[in-house]
Structure formats: structure tokens, C-alpha cells
Amino acid sequence: MNEQISKASGRLVSNLAIVGIILASVVFVLEMTLVPLLLSTLQGDLQLTTAQLVWVFNSYSFAVAVFVLIGGWGGDILGARRVFGIGIIVFCLGAAVSAASGSFSTLIAGRIIQGVGGGLFSPLVPVLLTRAMPDKPGKILIIWGSIAGYFAAFAPLLGGKLVEAAGWHAIFALFAVLAVVSLLLSSLLFMPEEKRELTLKRDVLALCRLPKLWLTFAYVFCTYGCITFFLFDFPLLLGEAHYTAKAIGLFLAVMWFSFAVFSTVLRNSVDGEKLGLIMFAAPVLIASGFVLALLTEHAFALFVAGVAVGAGFACSNAPSTQLVLRIVPDSLRGIATSFDITFARIGGVVVVAALAKVAPSGAVIGVICMALVAVACVFLLRGEFSQGPDKT
């Protein structure tokens, strides 16, 4: 009897720890889905210029892009659980600073601190989850992805109501509270830390010998850059058209729900020869949705634009990561996926900075050019789509 109670108690503790780890990932996703809701409100409350708004949006992404590499390597050297916990604490601190801020400079400081924390813990989420369920790693990753995707879909609906009821400070306060809960639950996880010798120089040199990997990173840079710019520009366009925060949340929810649904539909196709066709569709859908959003303020057209961009994101996100894992040997997968995240975030920073202040026609041209580069990358990578993953 005591043994059964002990086993049940152990399973409960383990499950709570897994919930805590997944919650950290949910907070990371919510940051991406809810902050675009705040842009119009922030611009009005803090009297921000467009250039300052770009800094508010980009400072977090840039910090993530830099520290995601440090988080991945630090987890290998110091232990994934330890670095994960440090990252959550730093993220929580940054969210608290952002929530308490009343000026541009304080908000930027909070956003950067958040990005440092997010960069440290985000690459370690799948590592800890698969170690927590080593007998069913695929199952826990599917559960993780599904939960994060549907949170992203429905969060803007509730977020829009929260912004209207309590202001933008409440969103950052919510991030801090969820981070604390995540830290408390994930600290219940007990497992031996796996460490290895740091081989950064050797790993990077090995990646440099894989030119098709860098073509994939270029594809990620372009597609994620366009998606990030859409997340920045779309709420501002809706705000200028006098849509409320609740309505903006609804349109963003459409995009994220489209992403979640198409990700579910495509889950069994990314391992086969359809991978190339899926990745080709991504830039076409993203560019089409962006152009449609700029052409009209009609609600139905904006709805279709959100669906198109969400579908394009689904055709780019997991498929490009799958291609990265197919190209690199097992021994380089950790560092390769860290670079994958870094190129995605830097793409977002660069495209937002380059296109935020240009005329709508210039933004359309820029997005179309990025989409064409992504299509060219798919064409040059066509030989990889009929090959199995390299396991050497």
C-alpha cells in the first residue's frame, strides 16, 4: 500500500514538474502573441515615435537571439535544469520591470532583461521534457507543441480584453506571475544533470562545412523576418483603422489559430518528400497575406490575411527545423537548432528595423523580395527533400 502511494506521489510530482516546464514555453509563446496587441496602446500612453516602438518590439528579440546560443551551450556545460531555472528568474525580473515601467528607457531595460531570460531557458525546454519522459519523448513533444500552439491561438482574445480592462501593464505582470509558477513547479523535477565538454569551435567549424544548412538558415531568416514584421505592422494598421484592442486580439487569434490548425494537419507530412512543397508554400502564403492586409481595411479581407500568414508560418516553422535536423548529424543537432532560433530572431529584428518606417508600398516590395529569396533557397535545397536524415 505504501509503495503504491509512493509511486502515485512520484508520478504526481513528475507531472507537475512537466507542467511547469511546458508553462515556461507557454509564457515564451505568449510574449510573442500578446506584445503585438500592446503596440498601439504603448505608442499612445508613452508618446513613442515609430522608431522607439521598433526598439520596444526588437529589443526582446535581439536579446533572445544572442542568449539562446548561450542558453543551449550553458545547459550542456552547467546542466540544463540549472540554466533553465536561471533563465526563468531573469525573465520574471524583466517582466516585473516592464510591468512597473512608466518610461521608454525603463520599458526597454525590462524588455532586454526578459529577452536574456527567454534566450537562456527556451532552448532547454525540449531537452528537459524528453529527459523527464525518456520512454515517450515523441509523445511529450507533441503534447508540448499542441499546448503552446493553442495557447497562442486563444491568448489574443483574452489578452485584448485584459488590455482594455487593466491596461498594458497587466500583460507584463501576467508574464511575471506565470514565470514564478513555472519556476516553482519545474523545481520539483529531479534528474541527474548531463554535461559534456565544451567543443564550440569544433562544432561551429563542422557546421560551416554544410552549405545547405546555411541555405536553410537564410530561408528561416527571410520567412521568420516577414512573419515578425507582420506581427509588428498588422496591429498598427488595425489601430490606425480604429479597431479596438479586443478586435485586434481577434484578428491575431485568427492568425495563430490558423498556425495551430495547419501545424496539426501537416504533422505527418514533414517527414516525407512533401517537405519541399510545404516549404515553398510558406513564403508565397506569407507574402500574399501581407499584401492583402495592406490593400484593404475590410474585416473579411483582414481575416483571410491572418489565415494566410498563419498557414505560411506553419509551413515554415516546423518544416524548416525538420530540414535542419535532416541535414546535420546527430552530434551537431543541439548547436544547429540553437543557430536556427538565432537566425529566426535576427531575421525578425532586421526586417522590422528596415521596413518599420518605410511607406506601405516599400514594405510590400521588401516582403516580396524576402519571399523570393526564400523561394530561391527552396529551389537550391531541392536535393535534400528526397533524402532521409543524416545519422552519422
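Each Cβ is built from the backbone N, Cα and C atoms, and glycine gets one as well.
Note that the structure is a prediction, hence the values are computed from the model and not measured.
The transmembrane segment annotation in TrEMBL covers 12-39 (among others).
As annotated by TrEMBL, domain 'Major facilitator superfamily (MFS) profile' applies to 17-386.
Residues 31, 35-36, 39, 42-43, 83, 87, 104, 107-108, 111-116, 118-124, 228, 232, 236, 338-339, 341-342, 345-346, 348-349, 352-353, 356-357 of the same chain sit 6 or more residues outside the transmembrane segment (51-71) yet have a Cβ under 8 Å from a Cβ within it. Sequence annotations record features per position, and here TrEMBL assigns transmembrane segment to 51-71 (among others).
Look at TrEMBL and you will find 83-102 (among others) tagged as transmembrane segment.
The transmembrane segment feature in TrEMBL is assigned to 108-129 (among others).
If you look up TrEMBL, you'll see 141-158 (among others) marked as transmembrane segment.
The transmembrane segment annotation in TrEMBL covers 170-192 (among others).
Long-range contacts of the transmembrane segment (213-232) within the same chain: residues 32, 36, 39, 54, 57, 61, 207, 252, 255, 279, 282-283, 286-287, 289-290, 293, 309, 312-313, 316, 320, 323-324, 327-328, 336, 339-340, 343-352, 355-356, 363, 367, 370-371, 373-374, 377-378, 380-381, each at least 6 residues beyond the stretch ends and with a Cβ under 8 Å from a Cβ of the stretch. Residues or ranges marked as transmembrane segment in TrEMBL: 213-232 (among others).
Residues 33, 36-37, 40-41, 145-146, 149-150, 152-161, 163-164, 230-231, 234-235, 238, 302-303, 306-311, 313-315, 317-318 of the same chain sit 6 or more residues outside the transmembrane segment (244-263) yet have a Cβ under 8 Å from a Cβ within it. The transmembrane segment annotation in TrEMBL covers 244-263 (among others).
The list of residues near the transmembrane segment (275-294) in space but at least 6 beyond its ends in sequence, with Cβ under 8 angstroms from a Cβ of it, reads 219, 222-223, 226-227, 229-230, 234, 237, 266, 269, 301-302, 304-309, 311-313, 315-316, 319-320, 322-323, 360, 363-364, 367-368, 370-372, 374-375, 378, 381-382, 384-385. The transmembrane segment annotation in TrEMBL covers 275-294 (among others).
TrEMBL lists 300-320 (among others) with the feature transmembrane segment.
As annotated by TrEMBL, transmembrane segment applies to 332-356 (among others).
Marked as transmembrane segment by TrEMBL: 362-381 (among others).
Ranking 170-192, 300-320, 332-356 by CB pairs under 8 A with the transmembrane segment (12-39) puts 170-192 at the top.
Just going by CB pairs under 8 A, the stretch in 108-129, 300-320, 362-381 that sits most against the transmembrane segment (170-192) is 108-129.
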